Each structure stands twice: as structure tokens, then as C-alpha cells.
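Heads up, the thing below is written out as C-alpha cells.
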Amino acid sequence: MEQKFTTMAQEAVGDAIQSASAAGNAQVETLHVMDALLRQENGVARSLIEAAGGDPQAIGAAVRNALVALPSASGSSTSQPQASRQLTAAIAQAEKEMQQMGDEYVSTEHLLIGIAASKPNQSAEILEKNGVTAASLRKAVPGVRGGAKVTSPDAEGSYKALEKYSTDLTAAAKEGKLDPVIGRDQEIRRVIQILSRRTKNNPVLIGEPGVGKTAVVEGLAQRIVAGDVPTTLQGKKLISLDLGSMVAGSKYRGEFEERLKSVLNEIKNADGQIITFIDEIHTIVGAGAAEGSMDAGNMLKPMLARGELRLIGATTLDEYRENIEKDPALERRFQQVFVGEPSVEDTIAILRGLKQRYEAHHKVTIGDDALVAAATLSNRYISGRQLPDKAIDLVDEAAAHLRMELDSSPEEIDELQRKVTRLEMEEMQLKKAEDPASKERLGKLQAELADTREKLSGLKARWDAEQAGHNKVGDLRAKLDDLRVQADKYTREGNLAEASKILYGEIPSIQKELAAAESADAESADASAANPADEPMVPDRVDADSVAEIVSDWTGIPVGRLMQGENEKLLHMEDYLGKRVIGQKEAIAAVSDAVRRSRAGISDPNRPTGSFLFLGPTGVGKTELAKALADFLFDDEKAMVRIDMSEYMEKASVSRLIGAAPGYVGYEQGGQLTEAVRRRPYSVVLFDEVEKANPEIFDVLLQVLDDGRLTDGQGRTVDFKNTILIMTSNLGSQFLVNEDMDADAKKKAVMDAVHMNFKPEFLNRLDDIVMFHPLTREELGGIVDIQVAGVSQRLTDRRITLDVTDSAREWLANTGYDPAYGARPLRRLVQTEVGDQLARMLLAGKVHDGDTVLVDQTGGEHLELSAWASDQIVSDNPDVSVDNVTEDK
């Protein structure tokens, strides 16, 4: 018998046997089967009962109550319960129903009708009490099935397959659920033109992710609803097919094909009234294919060629090339419609069209300056994504951020709330104390607590009033949006009386109320501008600064308005860098000017912020200036992309910068330069010892220096427009340290060496070639302070103070001076004379936490260190006394 049952019918009977056995019932009754049918996920029984006029929940509750009342055997029984006489009769009736309906398998609806028709049984009585009879169930079957027949064991899965696996876009457009589509008229007209063809009427929308391919289809749905289409498309139904849900849960071989076939049959039987849309159309290639079975693409081909299926597809250029173009037989059935990225001006128009929807959703006001900022800033700073998607995301997130702030208590209220809690806890403790001091403190505390509570109460009242105003405006906008949708619906249906009632009665009333609420907000804003004390606790308007904050969060690029403090910092940038890098004013000025141009917004938007070649002998501060710049911009000198060019001496090492080509090891890993900049687009990039690299490296950098972009091994474009590129080199350093040459001769000799090593097209693209001069003996004194400060900083955890006398500083500067090697010999000298001696004293226990260490030079070959602990000096030099320390200090 089970051979004639569908899979779901077999599962229902199996579940009924299990539940009867678990409950200790001697027989399997119709109640058990009825309960199993109602509990089935994606089952037909509940839908059929609803269609027949019954309440599945009420019937299910009655069935469960009846099951509890069934007699159960005590003790455990190993025998399986048998079908009762009533259940046997119901199954026999179900088989008769199957034959009468012309089906090939007994399905769950046959079982349900069989139970209702084979009276007397308890399940039939429950159904009848709830207004469901065998006749009403039979009448409801065609509607639930969608006209399908039971011709396979998985038939229930194909009932109303189109409704189950698709979304009706025209219905969504009628209900106003789709966002308005601004522009894209040319693309929509082209789609309509292709759909109007007799054969091969299948447009496929191709474009980069985020340019608005799906929006074109939504725009078509809105035009169909509005009647703004040719007669060939008027009244048509546009549905979006979900291949993912069709594949999901298809456990058995052929189940996916069965579902797709059911959908295609429903579309075919609609006689051209249905237009199908498949987003990510490339997924049809290979979908459902396993062990030789056909994929969705091959099943669609015949209908696509004959024009029986009008299909709109959407996919990206890469996916179309990789999947659709590989199958010429499938590709020729589609007509391509290219959807390009809109311009910044078009994006602003799109954002203005969407503004009302986002204002109604977030219940905030979105200023026009925010829309312009979203389009322009996203176009300039967010690479790797397309307009208008990235601009819409910026506005959406900025509005969501503001809404979150509006729904949270302001910081002032939080602080006062915490203060009240703290004072209340202290009050409880003081009330228990009896001493006079505690009582006096209690009186003062209670006065402070009363004052704080009063302040908190006033702030809360003000906050509640502000929130009420914000919410009123938001609610009115949402209501206005709903009324417009209703008016459009009544107009389409021809119900002009209701439409005019909304258009000329309710909408003007809401608009008047909204205008009054908005003007009240505007007056409040003007008052707060005149008197900062009246400023709103949280603003309710998304402006350009709000959008700039989101851009900064996404990219790390500071694109917000320059604050007064930052203005001062940028104007005195040379002073800050000059504290770290001694004696190189020309280089510091060149870098500072580049940063100021960028932050003021007047640098060339298509080139890097700055590109410099630093020339000079070793140890004069070339690399240190790059570190200082990273520290100035990011408060962290490690926030710098450092490429040691000595590692790129071979020709093959070029691929390490931008990533290996396809087919080579390391292709998936990306390049060391491109990946670092892609993750941190606002950074200082240092190419250290650039003359040691293979000459072919510079051919790769030409595009970066000129256009601010570089394509990596995987074909992705990496944006370098917000980076500062610094290259350091020792070329010609022998001329710079030659004291017999004058300044002009030195410069000419160095530039000749540079021109011999680098190509003209590389040098011509640099913003500036900066020469670092050898350090003088006087400048080395400043570097002594920096090096000693570094040692002192490392001792702060142990609270050890380093006190260096003037004689020690002078000795370090004189001994460590070597114009050919710069500041590095001085660093080594400080390490050996101060660091090494201090380490020995620490290990010997001569220096303890909290001590002061005196560094002095009294004429010997080395510096002398003395530890000042309490009232005595612990020293390696017996000649140094407390008096000497006092005198030196």
C-alpha cells in the first residue's frame, strides 16, 4: 500500500504510529493521523482546512485533547500498535478519492478527505463541529493545488510552486513597498522593448555590483502598475523567482527538477501573463545538477527559445563572462542590457528621490547637504564599490547612527544618574553612623543629592520634550508616506471618491501639521544657535558632517570639517615634526605643505597626497621623518606601510608587491603593497633604500605616482589617492659629506647620480626631491636629548628618573659626532655609555624603583652614573658626592 502514498503521506502515517506507540495506545486512530497531518511543516492539511472555512489551530487543540482521553495500556509493550477499523476505512476512502481525482498517488489531502468522509470517527466529528466537511475539503483542493495533479511521490512540494518560490513585484509595487526608481529611463525602455519581442524576449541586465540592476526591474514593476507601459505589457504580473529556496531542502534526486518544472508549468499555463525575474541569473548554470541530472539552465533553454517564458536576468559582468558566456546556446537566448554606474549628479537625484523613505523609516530629518556629501565623498574616498549603492549606504548608516543616539540617553543625563546612585549609596551608609562628623557630612550630602536630583529632573523633562518633538515629526512623515501609497492604490482601482478624500482632505491636513512641527524645530534650532545653552541635547538632522563621520569610520580617512584644534595643529605641523627630526627644515616643510593641501581639500583628487624622494647620507632622519609623519597623522608611528626595497633586488620579486599572476603560487594572498593600502587607504607608505630595488619595480610605481591607482594580481584596483609616498635613498651621499665642495656643486653631483639610476619618467612624476643635509655638531645636541628621552621613557614603569648634566650632554654630542654616519653612532654611544652601565647597576641592586640616576662627565674616558637613593649616593665613582649632585643640579 505504501507504494501508492506520497512521501509526506507516508511520513504522516509513520508519525501517527510512533505517537500511538509512545502514548501506549493499543491502536492507531484517525486522531493520530490527523494530529500528524496538522503538525507537518510545509504540509497541505492546514492550508486545506483554512480554504474549507475551518480554523486549523482550534481543530488541532481539539484533536490533542481527544488524544489525551484515549485509553493507554500500562507497562511496556514491544508490539507495534495496529490500525483501528476507523483508520483502515479512512485510508480506503482516501484511495477512492485519489482515483476520482485522477491522481496517481495518495497524498495528504486524500488522507484528510478520507478521514472526513469515513464517518463515524472522532476526527470527522471534530472537523464537522468546526464547519469542515468532506464536500468543502473537495471543493478547496483545486485552489490549494494550483490546478496540479499528484503524479509523483513529492507532489505536495510542487503545489502552488510559483507562490512558494517567488515574490510578486507588481503586488509589492501596488502596496508601495518598493523604493522609487529615479532615472534609468533608457534601461527600462530597452527592457520593455526586448520583452515585447516575439521570440528570445529575455533581457539580461549586466553591470557592476551596486549600480542598480535590480532597481531597473523594480522600476518596470512600478510602471506596469501605473499603466505606463505598451499594451503588450499592461496588466502583466512581474515575479521574482528565488532559486535558492527552490534548491534548499530538495533531499531526493529529482526533487529540484520537480519544483522547477511545476513553476515553469504554472508560468506556461498563465498564457504570457507572467514575466519572470531571476536575480543572479548566473546561478541557473549548474543549479540542481548532480550525477548527470539536468541543471536549471538546460531546463529553461527550450522555453526561452520559443518565447513561452519571458525572463529578465540580472548579473555582474564577471559572473556573466564566467557562467553564461561559456554556454553559447544559453547566451544566444538572452539580449544584453548594460547598466552603467550613474554620475555623481545622477546619484544626488536618486538620493533625493529616496530621501522621504529613509526619513520615514528612521524618523529623522535628512538635509540636502547630507545627500550631496554622500554622493561626492563616496565617489572620492570609497573605492571598490559603485554608485549609487555606496552613497545610499552612507545616508542609511548616518540616519541609523542618529536614530540610535536619539533613542539613547544623552551623556549629561547618564553622568547625573550615576552621581545620584553614588550619593544615595553614601547616604545609606552615613545614616547608620552616629558620630557628629558623619551627621554633618550627611546634611551636606542630602543638600547635594537634592540639587543633583533637581538638575536630573530638569534635564529629563527637557529630553522627553525633545524626544516627543522628534517622534511627532517622524510619525507624521510615516503617516504621510502611507497615505500617498493608499491614494495611489485607490486611483489605480478607480475608487476616485476615496482617492480624492485622501488627496484633498487627509494629506493636506497632515502636511499642515508636519510643516508646523518642522517650523517649531527650526525655531528651536535658531534659538540654540543664538544661545548655546538652548542647544538640543541630540540633533535630529543628518547633515554633511554626519555623513563625513561615517566615511571616516569606514575608511579611516579624516574627511570631516576641520575643527579649530586641528587647524592649529596643522598650522604648526613643522614645530611638531621638528622636535622629532633635527636639522631638516626643507624636508619637513615639503611634507607639511602636502598634508595641509590634502586636509584643506585643495590637493589634486586624482593623485597621491604627496610623493617624495628623500636623498641624503645615512642616519640624518629620512626614515625617522616618515615615522614622525605617521605619528602626527595617526597618533601611532607603526601606522605606516614600510617596504624594505633591499628585499626586491630580483626581477621576479615585483610580483610580491602587487600579488602573483593567476596560476602562480601565492595568487590568492595578494601583494604586500596593494593589500596593505587596500586595508588602510589613508596611510604613509615608505619605500626604504629605494636605490637597491630592481629597476622594473619603478615601472610598477609609475601608475601610482601619476593616477593614484594600482591594479593588483587579481585585477582589483587599489586606490592610492589618500596616501603619502616617501622613498628614501643614499645616492650621492658621498658628495653631501664632502666638505671641499660648495652647496651648488654638491646638489649637482647628487642629482647627476639620481638621473643615472632612475628613469626620467619616474623622477618627473614625483612631487619633490628633497635633500637631507649632514648633521652639524650643534644639531647633534638636540638628538642627544631625543636619545636620552628614549632611555628615560623606558624607565618610567619603574619610576626611575634620569638626570643628565650639561657636561655629559656635551661629551655625548662631541664623541658621537661623525658627519659620514649621521646620528646612528650617537645612538650606539648612548646605548653603551648610558644603557649598558645602567643595566649593570640595576642587576647589581645599586638602583631601585623610584631612584634618581645622575649621568655626569668629569673628564674621564666614559660617563659616570650615580644612583641617588634617599639621602645617599650609590656610585661606581667614589669622588662623586651629594654636594656634587646638588651643585650640578
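Cβ coordinates come from backbone N, Cα and C, glycine included.
Annotated features, as they stand in Swiss-Prot:
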DOMAIN    1-147  domain 'Clp R'
BINDING   Gly207, Glu208, Pro209, Gly210, Val211, Gly212, Lys213, Thr214  ATP 1 binding site
REGION    342-556  region 'Linker'
COILED    392-526  coiled coil
REGION    566-774  region 'NBD2'
BINDING   Gly616, Pro617, Thr618, Gly619, Val620, Gly621, Lys622, Thr623  ATP 2 binding site
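Of the chain residues outside the ATP 2 site list Gly616, Pro617, Thr618, Gly619, Val620, Gly621, Lys622, Thr623, Phe614, Glu624, Thr728, Asn730, Phe772, Gly822, Ala823 have their Cβ within 8 Å of the site's Cβ mean position. In this structure the C-alpha atoms belonging to Gly616 (ATP 2 binding site) and Pro209 (ATP 1 binding site) are separated by 48 Å. Cα spacing between Gly621 (ATP 2 binding site) and Val211 (ATP 1 binding site): 47 Å, rounded to the nearest whole number.
Averaged over the region 'NBD2' (566-774), the predicted model has a pLDDT of 86. Every protein chain shown contributes to the tally, and the Cβ of Glu208 (ATP 1 binding site) ends up with 16 other Cβ atoms within 10 Å. According to DSSP, the secondary structure content of the domain 'Clp R' (1-147) in residues is 97 helix, 6 strand, 44 coil. Around Lys622 (ATP 2 binding site), a 10 Å sphere centred on its CB holds 28 further CB atoms from the protein chains shown. Calculated from their C-alpha atoms, the gap between Lys622 (ATP 2 binding site) and Gly212 (ATP 1 binding site) amounts to 48 Å.
Closest by Cα distance to Thr618 (ATP 2 binding site), from the binding-site residues Gly207, Pro209, Gly212, Lys213, Thr214, is Pro209. Those same-chain residues not listed among Gly207, Glu208, Pro209, Gly210, Val211, Gly212, Lys213, Thr214 yet with C-beta within 8 angstroms of the centroid of the ATP 1 site C-beta atoms are Ala314, Thr316, Val339, Glu341, Gln386, Asp389. Of the listed binding-site residues Gly210, Gly212, Gly621, the Cβ environment within 10 Å is emptiest of other Cβ atoms at Gly210.
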